[in-house]
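Visitor: Below is the structure I would like to discuss, written out as structure tokens.
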Amino acid sequence: ECGYQGITRKRCKRIGCCFDLKASGASTCFHPPVNEAFQQCVMEGSARLECGYPGITAEECQAKGCCFNSYDINTRWCFHPLSDTVPARLCGMAPKKRVSCGAPGISADECMAKGCCYEHYQYAKTVPWCFHPHEKQGNYSL
């Protein structure tokens with residue numbers, strides 16, 4: 001589910017979600033299906049690198065090849081996808097399986113420059129934010 005009950009089509013689309021008024025038994029506003037392009041946009045707000053300007057629309061942002069998500073008003077809405085050198089499919093793993101790739105407090109830019117994955121994990125202080133990708137392509141470890 002994306003948004004809130006009774007959300008309008010315009011607001012749903014504005015936050016980067018899909019809208020279907022005919023969705024029976026499901027939310028009318030929902031996250032897009034997970035695919036590799038979508039996975040390239042899954043990251044914490046602190047890891048987002050600006051790709052647009054204040055007020056950019058989802059359509060303008062995506063036309064630039066960037067990711068758009070306005071659900072969190074405290075971070076960048078239009079941002080660059082994950083580095084092509086570290087495909088997102090190699091970064092999808094459970095926090096407990098992460099092997100650190102940098103010192104605590106490393107920035108997203110520094111981490112990704114090393115060819116590693118970055119995700120600010122706020123729920124456990126011992127989980128590495130900068131971590132090595134999977135060695136096998138296409139594997140998920142959830």
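Please read every residue number as a count from 1 along the shown chain.
Cβ atoms are placed via backbone N, Cα and C, with glycine included.
Just so you know, TrEMBL annotations never went through curation; they're auto-generated.
Pulled from TrEMBL, these are the listed features:
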type: DISULFID; residues: C2-C17; note: disulfide bond
type: DISULFID; residues: C12-C29; note: disulfide bond
type: DISULFID; residues: C41-C67; note: disulfide bond
type: DISULFID; residues: C51-C66; note: disulfide bond
type: DISULFID; residues: C61-C78; note: disulfide bond
type: DISULFID; residues: C91-C117; note: disulfide bond
type: DISULFID; residues: C101-C116; note: disulfide bond
type: DOMAIN; residues: 1-33; note: domain 'P-type'
type: DOMAIN; residues: 39-82; note: domain 'P-type'
type: DOMAIN; residues: 89-134; note: domain 'P-type'
Visitor: How would DSSP class C12 (disulfide bond) in three states?
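Guide: It is helical.
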Visitor: Compare the Cα of C29 (disulfide bond) against each of the disulfide-bonded residues C2, C41, C61, C91, C101 and report the nearest.
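Guide: Answer for the nearest of the disulfide-bonded residues: C2.
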Visitor: State the three-class DSSP label for C29 (disulfide bond), counting H, G and I as helix, E and B as strand, and everything else as coil.
Guide: strand
Visitor: Could you check which of the disulfide-bonded residues (C41, C61, C101, C116, C117) sits closest to C51 (disulfide bond), going Cα to Cα?
Guide: C61
Visitor: Could you pull the average pLDDT for the domain 'P-type' (89-134)?
Guide: 77
Visitor: Under 8 Å between C-beta atoms and at least six apart in sequence, can you list the same-chain neighbours of C67 (disulfide bond), or say none if there are none?
Guide: G16, Q40, C41, R48, C51, C61, C78, F79, H80, P81
Visitor: From the Cα of C116 (disulfide bond) across to the Cα of C17 (disulfide bond), what is the distance in angstrom?
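Guide: Their Cα atoms are separated by 28 Å.
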Visitor: Given the disulfide-bonded residues C12, C91, C116, C117, tell me which ones have a C-alpha lying within 10 Å of the C-alpha of C2 (disulfide bond).
Guide: C12
Visitor: So for C78 (disulfide bond), how many other CB atoms are inside 10 Å of its CB?
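Guide: Around the Cβ of C78 (disulfide bond), 24 other Cβ atoms lie within 10 Å.
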